[in-house]
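Presented below is the structure to which this report refers.
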Amino acid sequence: MGVCQSFVLTDEMKDQIKVNKEIEKQLEKKKNMQLEQTVLLLGPGESGKSTVMKQMRAMTGNYTKTELHERKVLIIQNLCQFSEMLLEYVREYILEMTEDDDKRYTVMCEELKMAVIHDGIMRPELADTLKEFWGNSAIQDAYSKRDTFHLTDSAKYFFDNIDRIKLPGFEPTNQDIVHIRVPTTGVAQVEVIMNNIKLMICDCGGQRSERRKWYHFFDEADAVLFVAAISEFDQKLAEDEETNRMHESIRLFWTVFNGKFFKKAAVILFLNKIDLFEEKVKHVKIKDYFPKFEGANTVSEGTKFFRRQFREGIHPDFKKRMYTHETCAISDQVQIIINTVIDTVIQDNLKDTGMI
């Protein structure tokens, strides 16, 4: 008959098992960390940066009913803001509008504010007045000069879609959502899972007053996606009427990528609003705002020039890992570019660090 002997662990063996478990725990933690990457979204105000963020959010799945309702209210709020801006321009520059129309449209703006308070419910009569307002010749004249008073590109989109927005069961589409304009203050974050890698996307407010907050995130970034509106080469900043927007974008890009920060981060540059740029170069000369420009006033020559402008002032180390694309952030096609570029950059980052 065999004797079953009990196996007794010595104190030394117990300590070793404890150490092994701790090592395994740390390895598992490290493995999880390896599958997380942080992407910073930087750029000046109104460049389309937050629209890129919304496209990334759309890539993660559908919005909840609550989120859709919140965005419906924001659309009504945007319509109110756009209407007030247009009406103010008409009054300031004494464009031709009857006193009766002025009074009716003032009441319309007040009713829009009430619609925002009452969960985005728009009376049919209010929608009809909005359509009439948009068709008014003085308002259209003001809209044609929108670049001078910083009216966003989304105004026309929402006014053109009043018949759909006014419906009781209206739910915003992804195209509606990417057209919503709410200035980013502070830092907005969204998680995106891409090829089993968790990306933390951080959208940092682009106005000058918000930029001091950027530095808190610089050490954490694995990649930086900088968005600049190429179509704004002839426009001034909303917060500084003396400064050209594209000059500001280029200087900001040079400052961020001067070699002091982001020692290992990849650089992604989106020259955004390429659709508006295509229209603008038909009647606005790049050379009038950038005397260095010597090429033909075409989309091709213009984009080549601005690519060089951004690239020439950054630290040499960044030039080796810089990816540049022309984009239209409001188009769903930009999701393909985002997916391809981000995936390439992150995979390269992980290979460089031996994580994959």
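The backbone N, Cα and C atoms fix where each Cβ goes, and this holds for glycine too.
DSSP gives Gly43 (GTP binding site) a coil state; it is part of no helix or strand. The GTP binding site annotation in Swiss-Prot covers 43-50, 178-184, 203-207, 272-275, Ala329.
In the three-state DSSP assignment, the secondary structure recorded for Ser50 (Mg(2+) binding site) is helix. Marked as Mg(2+) binding site by Swiss-Prot on the basis of similarity to another entry: Ser50, Thr184.
The N-myristoyl glycine annotation in Swiss-Prot covers Gly2.
Taken from Swiss-Prot, the feature S-palmitoyl cysteine covers Cys4, and the record attributes it to sequence analysis.
If you look up Swiss-Prot, you'll see 38-51 marked as region 'G1 motif', on the strength of sequence analysis. Long-range neighbours of the region 'G1 motif' (38-51) within the same chain, counting only residues 6 or more positions beyond its ends whose Cβ lies under 8 Å from a Cβ of the stretch, are 150, 152, 178, 182-184, 188, 199-208, 210, 214, 217-218, 220-229, 232, 237-239, 245, 248-249, 252, 256, 265, 270, 272-273, 327, 329-330, 342.
Here Swiss-Prot flags 176-184 as region 'G2 motif', drawing on sequence analysis. Across the region 'G2 motif' (176-184), DSSP assigns 4 helix, 0 strand, 5 coil.
Per Swiss-Prot, the feature region 'G3 motif' maps to 199-208.
According to Swiss-Prot, the feature region 'G4 motif' maps to 268-275. For the region 'G4 motif' (268-275), the predicted model reports an average pLDDT of 95.
A Cβ distance under 8 Å defines the sequence-distant neighbours of the region 'G5 motif' (327-331), meaning residues of its chain 6+ beyond its ends; these are 48, 51-52, 55, 153, 175, 178-179, 227, 270-275, 337. As annotated by Swiss-Prot, region 'G5 motif' applies to 327-331.
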Close approaches to the region 'G2 motif' (176-184) from elsewhere in its chain (Cβ under 8 angstroms; 6 or more beyond its ends): 45, 49-51, 54-55, 58, 63, 71, 74-75, 78, 81, 152, 154, 157-158, 161, 203-207, 210, 329-330
Integer Å distance between the CA atoms belonging to Ser50 (Mg(2+) binding site) and Val182 (GTP binding site): 9
Surrounding CB atoms that lie within 10 Å of the CB of Ser50 (Mg(2+) binding site), all protein chains: 24
Residue among binding-site residues Cys204, Ala329 with least C-beta crowding, 10 angstrom cut-off: Cys204
